[in-house]
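Pulled from Swiss-Prot:
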type	residues	note
SIGNAL	1-21	signal peptide
CARBOHYD	55	N-linked glycosylation site
CARBOHYD	232	N-linked glycosylation site
CARBOHYD	371	N-linked glycosylation site
CARBOHYD	485	N-linked glycosylation site
CARBOHYD	580	N-linked glycosylation site
CARBOHYD	655	N-linked glycosylation site
CARBOHYD	740	N-linked glycosylation site
């Protein structure tokens, strides 16, 4: 029998339950765990910030993984996300990127595949083709601007302690597996689907923990509103471009008018995700095309909604995107792609407690169920034409795909694929790779699709979409807000440029350094800056993004110069693509015929772009790449700070050599591909007469078959060296020109490949900040070289200092031995031969070749220069900067 206290307890419990009433599900339910996979495009940042602003007890962002095969490069992307999370006080969120695993020829998916390539191109390494990614521009409006967020990333975001570190960075697959193993998770895909498709294919036992997948991408019934002609225009006056297309491939709509960038980045991966059996909600172009960043939204944002750091960062990003937009149609062409997707996903999840909400009811988008699929190949199916690695030259299709099935047709091979072009040259392209097509039948999947953005329920508002209001209000909430930006992080922050007073110094030999920003190039730059100015006067640096680092890595050059007190040295940015590799119709894009030889992961771009994880230890320079531009330089309009525009390599050269500058004949030292120098001497015939001599670090001259080159990723090319191979036509242009050339070939570089020899010299004394930094870099390179198979090649970067030391050292101690040879360079479009240097005594161009040098003297000269307190660092590190900015001035 129940006692009186028991009855009272029950009565109290029932009373509380009655008071809670309809809110009971919210009390008892746990938060929605969210995992985001992103390509870190600018609009992805908006979506991530929107999610971070939500109440963590309701929506918990538990992990972020990065798509490394689309709109960003892994090294720049991961550090930007770390900084964004640091601003928002969310250093607890794991970030995954890359991985060194592969897919074997039999279809076995090994652990930690990095997602650097679409699944159809993924082999056992991180080198490969750019079948789909070549549709993304490498420079302005493309990877350069996204990697740097138009220059605002370093200006605005605070820098925390988290960073990419070789062999310690969590991989994309590890973060996905860990987070989904922990419990039911909702996944939001904002970029390509490679990472998540690999997870699904490798971990079917974890599928039950995926509650729902929300996808931004594709176009089902969409009609592209951009590139349309005015209603009253004639054919002679206007030719429509993308107008009415399903997709948004603005660089290749003549081949494929159906696909959208996120799905096009890896159609097969998207197919796997859609057909996984997990419930999918798609927010395609159909819906996002109805919610542009229109002028009223922009002005409302600008005038009334910048009360938090995160809102300011979003607005600054939008503003520079608008100010640098290629035409005057920004307000009709830039949409709320990923942020709208995040909003729709959150609203559906919020309403999911209502069991009757089976049709995805939400506050922001109208929804409809459709039967769709993702097109991965083109009809007719089953015909082998060399375009489809899943089937071509195979007895058994990869992944046991069906012969004659939907994956067995022609697969678009790249830009302007002849099979994809209309036969007459007029009309729409024929390829549909990546098309989210509405179909019926067994291959279709029932997907919940957002069809359009809902209007604002407040008809008196200037903002005519409901999500406009929510987005601005969420970003500006005082809760879950950012702590500081880069400048407010430090109470005594001050931007300061360091320029030496050289008025009383008689300058020495004028030198221009052409670098591709490999680790060896930064070692060389330190050395050049330490040579007395009365011996070497470093006039300019020009960087080549056709080599071992991506264009946004130019910021590391600026930081190093700032450290050494040389903010007076101009830095020019070279062409994004090797000679003759640009697309003739849309030059900002092009293939990767040669640069594909560089790994995208460990020991390649990932490490070069971060200087093996040490770039963030350099002091932060006020100078950096920015997308600021001006009409004077061909931009459609002036931005707010056109004086901050990043100069091009050719412009830096022209400013240096124009009459009145008083510069005598210039010595050029090249440490990378010869793209910049080839363009300089080809664009202006007078340039050659202004060059006294050229020292070229690179090239390989083999006298015996056993004497191999160093293109370790292209087995068919046994005799070329990277700097020549990465732009063979440029190498041919320069080496066969009338220039006075000294070549520092691979064989000579190889003689200086011992990290220990160099470290022994540096260990004895490291009095200067630059010597200490170089020692740390060399110690890290040595450790990686010894520990991991992906780093066995990096000792080749040590030999790159030979050119700088030869130029700035003492011949009496270095004892260089030269020989003359007549050579020619192969540049025929054959990757098995291009970049090879041949001896041709009859028709070859005569150059000098460094055959031998005293290696002990090289090491001693390098170490002693770095340890010399003259021309030493003005500020030693970012840590030193932080202390200065945190201490009141005396």
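One is the number of the first residue shown, and numbering goes on along the chain from there.
Every residue, even glycine, has its Cβ placed from backbone N, Cα and C.
Bear in mind that the values here come from a model prediction, so they are computed numbers and not experimental data.
In the three-state DSSP assignment, the secondary structure recorded for residue 371 (N-linked glycosylation site) is strand.
Of the candidate glycosylation sites, 55, 232, 580, the one lying closest to residue 371 (N-linked glycosylation site) when CA atoms are compared is 55. For residue 655 (N-linked glycosylation site) paired with residue 55 (N-linked glycosylation site), the C-alpha to C-alpha distance reads 54 Å. Of all the glycosylation sites in the list 55, 232, 580, 740, the shortest Cα-Cα distance to residue 485 (N-linked glycosylation site) is found for 55.
For residue 740 (N-linked glycosylation site) paired with residue 580 (N-linked glycosylation site), the C-alpha to C-alpha distance reads 25 Å.
If you take the Cα of residue 580 (N-linked glycosylation site) and the Cα of residue 55 (N-linked glycosylation site), they are about 52 angstrom apart, rounded to a whole number. The sparsest Cβ neighbourhood within 10 Å, among the listed glycosylation sites (485, 655), is found at 655. For the pair residue 232 (N-linked glycosylation site) and residue 55 (N-linked glycosylation site), the C-alpha distance works out to 51 angstrom. Here the glycosylation sites are 55, 580; the one with the fewest Cβ atoms within 10 Å of its Cβ is 55. Comparing the glycosylation sites 232, 371, 740 on other C-beta atoms within 10 angstroms of each C-beta gives the minimum for 232.
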